[in-house]
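A.B. asks: Sharing the features that TrEMBL gives for it:
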- 13-32: transmembrane segment (TRANSMEM)
- 24-381: domain 'Ammonium transporter AmtB-like' (DOMAIN)
- 59-79: transmembrane segment (TRANSMEM)
- 85-104: transmembrane segment (TRANSMEM)
- 155-178: transmembrane segment (TRANSMEM)
- 198-219: transmembrane segment (TRANSMEM)
- 231-254: transmembrane segment (TRANSMEM)
- 274-302: transmembrane segment (TRANSMEM)
- 323-344: transmembrane segment (TRANSMEM)
- 356-382: transmembrane segment (TRANSMEM)
Amino acid sequence: TAPGYAPSLRSRLPLVAFLLETIFILLFVFFVKIEQPEQIDREYDSKLFISSYAEFQDIHVMIFMGFGFLATFLLRYGFSGSGFNVLLAAMAIQWAVLMNGFLLPQRHHKREIHISMKSMIEAELCAASALVAMGAVHGKTNPVQYKFIFKISHILISSIMLLHVFGALFGVMVSWVLYREGIEPVHEKEKTDRKTGLFAMFGTLFLWMFWPSFNSAMVRDHKWERGLKLTVIYGTYLSLAVSVVMAMSVSMLTSAKGKMNMVHLQSSTLSGGVAIGVAMTAVHTPWIAMTIGFCASLLSALGFCYMKNHMLFAFECHDTCSVLNVHAVPGILGWFALLFLRLASDESTIAVQFAVYHICVLLITACMSLVMGTATGPTTLIHIWRPQQDRKCFDDQAFWEVKGFVHLHHFKYVTTP
């Protein structure tokens, strides 16, 4: 019989956290420096700094408040959803600064990694990819396993497509390997209520509001590309606006009682931002951005209604946050939109070259995510990581003090009746 309580992580989590942070600090001591004014390009000015810092703030809010609140939708997993999101994002950003610095030639000078506003934004985008992957295994893994997964799932973010498609497919494959019969068809604790749904909607609103900055962060802020950055911002906003309308409409149409489902709105309203982010460099007219948002939200909402359950029964893959419908499907839709728009606008020779390159990027991204996710899954099942028991999935009690409240003045734990 299963023990009454979940295995304690006291001998695992603090040790792993201390070890990783010690390694990070030592690497930062010897390799990481802050970019000095004399090392900055001559075109750097106060306006550019203000613009970059504003983007950094927007993405920072998305990573920690947007994804953090969105992860609280489960009834008994609010502490873990928000807490583990902060833990994973904080570790992933440090890891991304180091990995981007070591692997990208433009990030290191004379064996030193120079931190700039751009490098911090790129690190947070890498953290976003790890959080997307985390959504597929949400509630079924412990924080030690999360730390192992984020180190493997790190990629060099050179496009928005890599962020969404890689993160979603990687997480889905890890979830497929970690599949357990105890959560089929629906785990008794995998449910939401009004309070958790409202908090999750706060996260959706933070993400929805700042998504234009998220997409435009990859566009360079030079004078000759400033017009493109504004086009991306406008297109993202219009695509997101259409996604909201479509998500509500499809949710009501697919409901047996003719009512809207808050879970559909919490994620499908963001699908337009995902899709337009992939195709943003080729979208120059408002109606195309709105059409992409329309199609992305339609596919995402329908996927929430039908695809998630079919994935569970047909492939034994339990995708908790349905990242396949929120990130992978809209991301691939944006990939097709970018391909068609470039083929229609470029000359035949250039169009063919772009098509070959574009197809290869998608195939390599998909293959890497599937292979790495499949390989990562078994390593997280090792007993040393203390995997969760089936009946302790989606439950804060396995990791947090939840049976009472902590008195803030006397630091005494009080049990509620």
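Placement of Cβ uses the backbone N, Cα and C atoms for every residue, glycine included.
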A.B. asks: Among the recorded stretches 59-79, 85-104, 231-254, 356-382, which has the greatest number of Cβ pairs closer than 8 Å to the transmembrane segment (198-219)?
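C.D. replies: Per the Cβ count, the answer is 59-79.
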A.B. asks: Are the transmembrane segment (85-104) and the transmembrane segment (323-344) close, by which I mean at least 3 Cβ pairs under 8 Å that are 6+ residues apart in sequence?
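C.D. replies: Stretch pair does not touch.
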A.B. asks: If you average per-residue pLDDT over the domain 'Ammonium transporter AmtB-like' (24-381), what number do you get?
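C.D. replies: Computed over the domain 'Ammonium transporter AmtB-like' (24-381), the mean pLDDT is 84 on the 0 to 100 scale.
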A.B. asks: Same chain, outside the transmembrane segment (13-32) by at least 6, Cβ under 8 Å from its Cβ: which residues?
C.D. replies: 91, 94-95, 97-98, 101-102, 108, 111-113, 115, 142-144, 147
A.B. asks: Do the transmembrane segment (231-254) and the transmembrane segment (274-302) come close, with at least three CB pairs under 8 A (pairs 6 or more apart in sequence)?
C.D. replies: yes
